[in-house]
């Protein structure tokens with residue numbers, strides 16, 4: 001069996017920074033809560049939980065504690081609320097997400113109708129929307145675009161894990177809705193790179209394994225890209241892998257979402273090694 005592993009794999013830089021900050025705060029504070037799941041990967045959340053990092057779910061109430069803003073960010077009002085309760089709030093928002101928040105706030109203050117291309121219910125998008133005083137428009141599909149009125153000034157930003165192809169299609173449809181339109185490409189470069197690697201893998205292999213959380217937006221998009229071309233399996237844990245999927249003469253591809261730990265890749269590689277002799281290539 002020949003195995004092609006798409007690079008980069010494992011955590012993106014934003015996830016690394018968020019986890020590093022959480023562990024540092026835990027070391028200094030002793031007791032720590034994250035405001036929602038820090039990242040969208042159950043394996044990572046389980047490991048953080050074992051270390052003592054707890055999750056404060058939506059509408060949870062604590063006072064005088066150390067709290068960490070999740071990598072996807074939070075609405076401004078939530079952060080302000082927890083601070084009024086005497087909590088020490090540490091911001092682990094991905095720097096690229098923070099950039100989108102700042103841009104959305106800038107555009108809103110300068111009288112642009114802010115359009116966020118992304119998923120309405122994704123925590124990142126909900127957070128960005130708050131920086132427009134909740135006056136922005138979230139575009140998830142073409143029906144959302146049809147509802148947009150004509151505005152003199154429109155500013156467009158993107159959920160950082162959007163696929164570039166999907167985003168460009170929507171931008172083209174929005175162009176006729178405003179006289180002045182400013183577009184900021186806020187899609188994460190690592191997300192774009194992994195999408196391109198998914199396309200490349202689809203031309204090289206017989207089947208693909210997409211490793212990452214089922215609740216991870218960027219991982220789902222990798223799965224969608226690959227599954228259009230070849231048999232593809234979205235794997236969250238090793239128990240989901242069925243050995244009957246593989247044959248000795250297979251060319252198999254592995255690609256990971258941006259919050260998938262390296263050790264999960266290694267775990268899957270070891271499983272494949274136990275099935276057939278394995279020739280490994282990085283692509």
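Just so you know, glycine gets a Cβ as well, placed from its N, Cα and C.
Bear in mind that the values here come from a model prediction, so they are computed numbers and not experimental data.
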Dimethylallyl diphosphate binding in Swiss-Prot involves 40, 72, 122, 216, 218; of 163, 259, the partner in that site is 259
Need this for a regression test: recorded positions 12, 94, 124, 160, filtered to those with Cα within 10 Å of residue 218 (isopentenyl diphosphate binding site). What's left? 160
With a radius of 8 angstroms around the mean position of the C-beta atoms of 40, 72, 122, 216, 218, 259, what other residues of the same chain does the dimethylallyl diphosphate site pick up? 39, 41, 71, 124, 161, 213, 215, 217, 219, 257, 258
Shell of the [4Fe-4S] cluster site beyond 12, 94, 188, same chain only (C-beta within 8 angstroms of their C-beta centre): 13, 14, 15, 71, 95, 96, 97, 160, 161, 190, 191, 258
Across the record's isopentenyl diphosphate-binding residues 40, 72, 122, 216, 218, 259, the largest CA-CA distance in angstrom? 15
Can you give me the Cα-Cα distance between residue 188 ([4Fe-4S] cluster binding site) and residue 160 ((2E)-4-hydroxy-3-methylbut-2-enyl diphosphate binding site) in Å, rounded to a whole number? 5
DSSP output for residue 72 (isopentenyl diphosphate binding site) maps to coil
